[in-house]
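**Q** Got a structure for you, questions after.
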Amino acid sequence: MNTQPLRVGIGGPVGSGKTALTLALCQALRDRYNLAVVTNDIYTQEDAQFLVRNEALAPERIIGVETGGCPHTAIREDASINLEAVEQLNRRFPGLDLIIVESGGDNLSATFSPELSDLTIYVIDVSAGDKLPRKGGPGICKSDLLVINKIDLAPMVGASLEVMDRDARKMRGERPFVFSNQKVGQGLEEIISFIEKQGMLSAA
């Protein structure tokens, strides 16, 4: 049994699909692992309420943090509000295997504090254009896993997945990335496999 849960940080711009991915991960992993979630919103608990409404987990396993300012600060420079939520979940559910920390919508420069997150997943979406990977920034270049989401929209926005693939390889070097469409679960198994392997999770 893990003494401390694996903490997976999910970041990315507003509307990229972070909450949809968090929901999909909860639904896929909740029967395998002792799991909880912390969400970040600036002035509301909208993402937490979305997860509760969609029965991602039991409501008491989801804590919504209102950051009241720049979402970047709450996951990086002053992560205390998130660290307290993580500690609260640890006290509430001894023996947690995994805590997902979903950041508020942020910009390309946002990163998670190492104090808060053991693994980081950064989600971007195709509708922002195929130039996004080459814009770089810590989320795109340094996250443990980059998820390029909403690939079904590529034809509608004139985005080339080949260009995104090439640029992601160039910007990330050896770091992995996944193309996904969370509406139909495409790419989800690869993301889960990455979390389990890199986080050394073993199902009960």
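Indices start at 1 and increase along the chain as displayed.
Cβ coordinates come from backbone N, Cα and C, glycine included.
Straight out of Swiss-Prot:
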- Gly12, Pro13, Val14, Gly15, Ser16, Gly17, Lys18, Thr19: GTP binding site (BINDING)
**Q** Here are the binding-site residues: Gly17, Lys18. Which has the lowest count of other Cβ atoms within 10 Å?
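**A** Checked Gly17, Lys18; of these binding-site residues, fewest Cβ neighbours within 10 Å: Gly17.
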**Q** Between the binding-site residues Gly12, Pro13, Gly15, where is the Cβ count within 10 Å the lowest?
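**A** Gly15, out of the binding-site residues Gly12, Pro13, Gly15, has the fewest neighbouring Cβ atoms within 10 Å.
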**Q** Around the GTP site formed by Gly12, Pro13, Val14, Gly15, Ser16, Gly17, Lys18, Thr19, which additional residues qualify by having Cβ within 8 Å of the site's Cβ center?
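**A** Nearby residues not in the site list: Gly105, Val123, Asp125, Asn149.
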**Q** In sequence order, which residues at least six apart in the same chain have a CB under 8 Å from the CB of Thr19 (GTP binding site)?
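**A** In sequence order, Thr39, Asp47, Phe50, Leu51, Glu102 meet the Cβ cut-off.
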**Q** Under DSSP, is Lys18 (GTP binding site) helix, strand or coil?
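**A** Reduced to three states, the DSSP call for Lys18 (GTP binding site) is helix.
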**Q** Tell me the Cβ neighbour count for Val14 (GTP binding site), meaning other Cβ atoms within 10 Å of its Cβ, over all protein chains shown.
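**A** Excluding its own Cβ, Val14 (GTP binding site) sees 10 Cβ atoms within 10 Å.
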**Q** With every protein chain in view, what's the tally of Cβ atoms within 10 Å of the Cβ of Ser16 (GTP binding site), excluding that atom itself?
**A** 26
